[in-house]
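Below is one structure; the comments refer to it alone.
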Amino acid sequence: MSDTRTATFAGGCFWCIEAAMKELDGVHAAESGYTGGHTEDPGYRAVCSGSTGHAEAVQVEYDPETIGYGELLEVFFSIHDPTTVDREGPDVGSQYRSAVYYHDEDQQELVEGFIEALEAEGVYEGIVTEVEPLGEWYRAGEKHQDYFEKNSNQPYCAAQVRPKVEKVREKFTEKVRADGGLPQEESLADRVRRLFR
């Protein structure tokens, strides 16, 4: 087995990016956290206030022999809108900005070239994704880890996270984990049995 590498992405709520990346074969872990800010050890409420300057982000540990950084970029840019400043869907604020935090010069060159290609091909017009070196990384609290897996029927997850996960499963079929899969939506009958028995 090869050494794992790390990639860091921000593109709206970290629950969405984390869940989508975890669908991919070769991704060993995806961790929600914060980076790109100016305060130490920020908490969720502080980040959501916009006062810390941090973005909600996801660190992805991956096997480059199974999935390449370029393929992670393809997924990342397909599951969020990189043309909106400080916004993704209903989530508004600098913590929801589009950003790629590179870990080395190779990643920097790849992401800059990828953005140029997207614009040259007319895929997106006016990409605002920030490309910055990774600064200090702060892991989000435990309740934010694997959020979709633990809360797939929660309204926000059903409306915002699930469509991104489904898009990955449909658009990147050859890269989806064989053992993966969406958490199943609970039927009314199953919910009643679970709640009342």
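Cβ atoms are placed via backbone N, Cα and C, with glycine included.
Here is what TrEMBL says about this protein:
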type	residues	note
DOMAIN	6-157	domain 'Peptide methionine sulphoxide reductase MsrA'
ACT_SITE	Cys13	active site
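Summarising the environment of Cys13 (active site), the number of other Cβ atoms within 10 Å of its Cβ, over all protein chains shown, is 25.
Restricting the average to the domain 'Peptide methionine sulphoxide reductase MsrA' (6-157) gives a pLDDT of 96.
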